[in-house]
Amino acid sequence: MNIRPCLFMAIKLLVLGCTMELTKVKPHCPYLMPKNELLQIDFIEFCNSKLGVSPTRVTSDITRWLDEDHGSGDPTLFAGFPKNPLVHFFVVAKHEFILSGLHIMQEVFRQTSGGTTKLYSDYKDGMLLKKGDIVLAGIGSASSILLSERVALNFTAKMSGISNKTYSIASEINKLNKNITLLETRKTTPGLRMYEKYATRLGGARNHRHGLDTGAMLKENHLRSIGSIEEALDNLNKFLPILTKIEIEVSNLNEFKAALHKRPDVIMLDNFSLDDVRLAIIEKNNFDKNIKIELSGNLDEKNLFEITSLKVDYMSMGALIHKAIWVDMSLQLYLP
């Protein structure tokens with residue numbers, strides 16, 4: 001038997017297989033690198049002016065998130081992967097959404113690479129991205145990019161989802177009644193409140209309390225422990241710092257009337273029927289038009305038309321954060 005043709009065919013198949021594998025691993029890059037380079041000063045300015053905190057506070061959060069993902073180290077990288085130390089990468093939007101978290105994503109890649117990764121983006125937080133847009137791109141070591149990927153994408157996908165949902169509701173409210181201000185709540189993810197509230201601001205909402213220390217708010221359980229609305233409000237007015245606003249949550253018209261006569265800054269109507277909301281507004285306008293009315297409880301996109309027909313000042317929705325759906329984006333690596 002002549003084994004030469006068989007041997008030739010085997011070698012041909014082997015070469016073809018290697019070529020196919022190489023093609024799979026080394027695809028042609030269809031993307032252009034964005035023109036605008038992101039610098040460290042951009043991240044610092046973001047922390048100072050958009051979050052109102054020191055960059056060290058944000059970098060410590062990022063370090064904690066990376067430590068959680070890295071654990072004791074990625075064994076895939078122990079094995080010598082990847083072989084190519086320098087790569088180009090592109091974070092690609094897979095559908096339309098409002099961008100939020102760009103500079104956090106930037107800092108994740110910077111921190112993992114010790115500042116050696118070059119980063120580029122032609123977009124800013126709050127901009128509307130379309131399918132196929134390059135959220136962020138860069139040039140750096142493959143290992144550092146692989147170590148950054150999941151934390152960077154998770155954070156930006158979550159924050160952009162919040163901005164996206166907030167934008168859809170805020171823009172609809174603005175069409176129906178420009179006098180109503182959309183607020184979020186303290187129903188946030190532990191450890192992420194500062195970022196989630198920033199994402200709602202990008203989407204067009206205003207922040208409610210950042211924490212318990214940023215305003216006095218009497219809720220149902222406070223009132224149960226104190227005894228009466230009148231006593232609770234009298235005590236607050238007596239002892240609070242003069243610049244601290246007072247808000248009280250009420251669940252029926254009787255509680256509303258009791259609160260109204262103590263003149264708090266804001267009265268929240270929790271789970272009121274639309275008819276009771278109308279009655280409360282009439283009562284308030286007859287007594288003191290300066291008191292603000294906030295509506296809360298079971299608010300969503302489905303009942304916006306009815307709610308915005310009411311002359312309330314604020315609508316607060318925890319759903320802006322806890323019912324937001326992550327956006328979708330992917331990170332793709334290419335050899336230079």
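Even glycines carry a Cβ here, placed using N, Cα and C.
Those TrEMBL annotations? Automatic predictions, nothing curated.
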Inset, instruction - For the substrate site that TrEMBL lists with ARG150, THR185, ARG186, LYS187, ARG209, GLU249, ASP270, SER296, GLY297, ASN298, MET317, GLY318, ALA319, give the additional residue from the candidates LYS175, LYS219, LYS238, LYS284. - result: LYS219
Legend entry - Composition by DSSP (helix, strand, coil) of residues within the domain 'Quinolinate phosphoribosyl transferase N-terminal' (81-160): 30 helix, 23 strand, 27 coil
Inset, instruction - Enumerate same-chain residues with a sequence separation of six or more from GLU249 (substrate binding site) and a Cβ-Cβ distance below 8 A; give 'none' if the list is empty. - result: MET217, LEU218, LYS219, GLU220, MET268, ASP270, SER296
Legend entry - For the binding-site residues SER296, ASN298, the one whose C-beta sees the most other C-beta atoms within 10 angstroms: SER296
